[in-house]
């Protein structure tokens, strides 16, 4: 589900800015002794009790409505104790009666004091011996061990302030690889680097001369400055660069300033053509420096720019002030070269629907007609997205933005691929027989292959896909491949944007043009090489009981080598591999001798790669020469030393990975335990999940997030299980959810909870589940399906509650249309309010300006609860917040609310308020 990408992954987001390393001054009370050993705390307590004349009985325990963070004298585990509450979870244990016993005589008191003194002296002596023999090792001297199953030490506790800020985020460098003017490989853009001009083209090998293999011809290219400063003057104003894109010949830079966000990926900006030689800029639209441009792109040869303004496509050639208007029908309901809301969100995951041909002679662009798409209003009560001031007298009214939003079963936008011949100056389309009707067509990917172009189309419900090959010069085309996914496994076609054109080169053994695509093969997705372009029978480059992910990454055309990422070692790991175009010699690029979760970014020619290790250990990054490159190079660009130091000094949760068997299917899980986990205790459990189709939450990344805080900071156990429907456990386990979202996803969470409830260290009366977006939907569906039998509590943020309310392209892929699957929509909705009423309590939160999962979902559920008289829930709404819930400190409030609500749940507070009664007697009116 697209909402998955918007779920704020607290503290797992990457960034390149300097981290705020300051510690929070408002530390929780239970942290105050974190730097002192447990042993010393025990002796301090003995001394306190001796001084108080009390060694015979435990201190009374307060009611659950006392400070949840208050230390409990009868529990020496400072991390878990304050948060465990009553083992029964009912919040009604009485205060122990305090009986005043007979006084202790002075002789006995003196003897006890002497004995305590001797014990303390012996302990101090033992401590000196311990240190002298180097047996003692402070927490700050122990490196983070992701494989640890037990933590002993007295490091600092993980706090919510830390996970909400940047304290636990790895520093991640990004490299913008570019092609050299003469075809050089290994060139990159450096932007705003310390001690350098603002925008510089460098050879990666110049970053570390010592890393270059001196035995090879490895001379680095000279650095070249494109922009000396990040700002420039035009007229009487200074403009600051926000986005930059150099031309292929590096003579000019396309610069965006004054960028204003539109939807998730799209924005408006003023665009400029910056001249490298003169260091001056001119507006992309001559004479209009403040023109609001939606998209601008260089052509591959660097002598023209295509751009979209007011939903019309334009062209400007370098050296000319003449603007060519390619289309004239753009407006509020017709888009040219940019996607509408649903295509931006669900198909392209980006703001561009413009594709230049490799020689710059043609532009392919998507024309989207929204005329028949219904509008959905979004009200803004505090901000004005339009940027305009209200009319006099209308200041007290909200601004309403109407979005063309196709819900399940409603009219979809009509899309068609158009072409512009730059030389002839005309727009044309190519009709190909056997295609889908206008109301039954999605265009999901467009890839140029020389003078020809590959187009992927599917039917509306995404279970039949065809690949069309268009000869643009001849203005003709044909269907070269059709896949009936429904017939294969009953599932759906998964959109990808990684298809790679492989040009013909007889000298390299490639007689014809071809392309590499990710296709269904066996029970997963694998790489296939189709050559010639119209050949429907591929050479399989990969196969096996594993899957290729978001690939191919890159292709070295000189060596006929393909680089890709896959789950070959484990479904919760990611490694980088290479394979020849013949399907032979599949070998690993990353180190597979140990567990790892890698990502990679390859240079244009595939000779170099930025290899990013994301876990389970402390993340690091290296730039390496690829195996096909004879010039050996390796340079570490990020070690995350500060993060490693933080991990040493803090008590991170213990992560236990494994699988559980549910109905014969092995499901991945990760259990996060408190650092000082004690199997003799009874812990409450929070289940966190997303559960959306094809998603994965259990993985081997290094992450210290909200779930980590729940375990390490609150002392609860936090479990994540990827149930059926999620990714990388085989397509048969993925597509089983089609037609009835929520049935198997909720079933598997309940089955997992029953497994944990039987564990000796789990308090089965205190189980909760939470999620955001699809995870919020599944949290509610789980509570509904379980009806209080296993789970007692739930927290849902921005949930879908009826799939009729969500967008058509996403929903119908998994549910078909409401017209064809009405019963499935009925049963997948959150409808059984009686079952929800059998839980102790649940929490619902939503942003009022959510353009993705509309507030309509939560309002409809609230209406159902009202009609049924169900009141065991709390609601919090966030004005003007979209799906990510950030406006006006909202994101922090979300996690504060989750934290405090969960503490109250596990302390039994919600049981107390279930049947409120007045204190004392009141006289009837």
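Every residue number used here counts from 1 along the chain in the order it is shown.
Including glycine, each Cβ sits where the backbone N, Cα and C put it.
Swiss-Prot assigns the feature transmembrane segment to residues 111-131, out of the candidate ranges 111-131, 132-152, 153-173, 174-194. Candidates 86, 832 were compared with Swiss-Prot; the annotation N-linked glycosylation site appears at 832. Taking the Cβ of residue 369 (N-linked glycosylation site) as reference, residues of its chain lying under 8 Å away and at least six apart in sequence are, in sequence order, 333, 334, 413, 414, 415. Non-local neighbourhood of residue 832 (N-linked glycosylation site): 784, 787, each in the same chain, at least six residues away, with C-beta under 8 Å from its C-beta.
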